[in-house]
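> The structure that follows is given in the form of structure tokens.
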Amino acid sequence: MPFTFSHPAIVLPLSYLPKRWISLTGLVMGSLTPDFEYFIRMRIKSEYSHTLGGLFWFDLPLGLLLAFLFHLIARNALIGNSPIFLKGRFSVFKDFDWIGYFKENWIIVCFSVLIGAFSHLFWDSFTHDTGYFVRRMPLLLTMINFLGLSISVHKIIQHSSTVVGAIVILFSILKLPKQEVLGKINFNYWLLILCISLLIVLLRILCGLPFQQYGNVLVTGMSGLMISLILTPILMKNKSI
């Protein structure tokens, strides 16, 4: 599969459509959601989120939940403690009224989540061993020699599209208008995120995750990071850290 956070690249062109047609939050969250079954399980296993049925009963409700968690809890703290080149471009979104927007546009949001999630499945269908197009296009299973390694075409597509997706996202961010912003980064914010993330990984290993399963350790670390992005603002607000 392409790296999870490269997936929004495929839906970003839809942001040029009239705003009344799409929700950028819905598109982005939807494009990420299918991989969240890995993060929930803390291992690379997906039985539901990468299926057509799962689009509706797993990806849609989870995508909506993630949108609410991001906008209502994680968003402002994350933007406020980001590096200047990010903060200056995203600060304008700190005042975005997600609740009000969702009340008026919930159908558009739901539709956008589904489009985003479907785009994820479509992309994966060219890069997964069991992907729809991989199983139907022998070319994608062809093994070629690359820098002395034997690797399948679909794996090359997987890794190269991850890089291309990351570049597209970075370019899109750099195109955003930049504002002058004040305020320093609260390093306690990032320290707490690091501590919570490491604690979650440690607990997962102590509960039986073999450290040699690098993929599952990485997924657990990403899961810990996302959990910490939710817990940290709550803890800092309650404890005045």
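Cβ from N, Cα, C; glycine included.
All annotation found in TrEMBL is predicted automatically rather than curated by experts.
Taken from TrEMBL, the feature transmembrane segment applies to 20-40, 52-73, 106-126, 133-151, 157-177, 189-211, 217-236.
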> With the transmembrane segment (20-40) as the reference, which stretch in 106-126, 133-151, 189-211, 217-236 has the largest tally of C-beta pairs below 8 Å?
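Checked against 106-126, 133-151, 189-211, 217-236; highest Cβ contact count belongs to 106-126.
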> Are there three or more C-beta pairs under 8 angstroms joining the transmembrane segment (106-126) and the transmembrane segment (133-151), sequence spacing 6 or more?
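Contact between the transmembrane segment (133-151) and the transmembrane segment (106-126): present.
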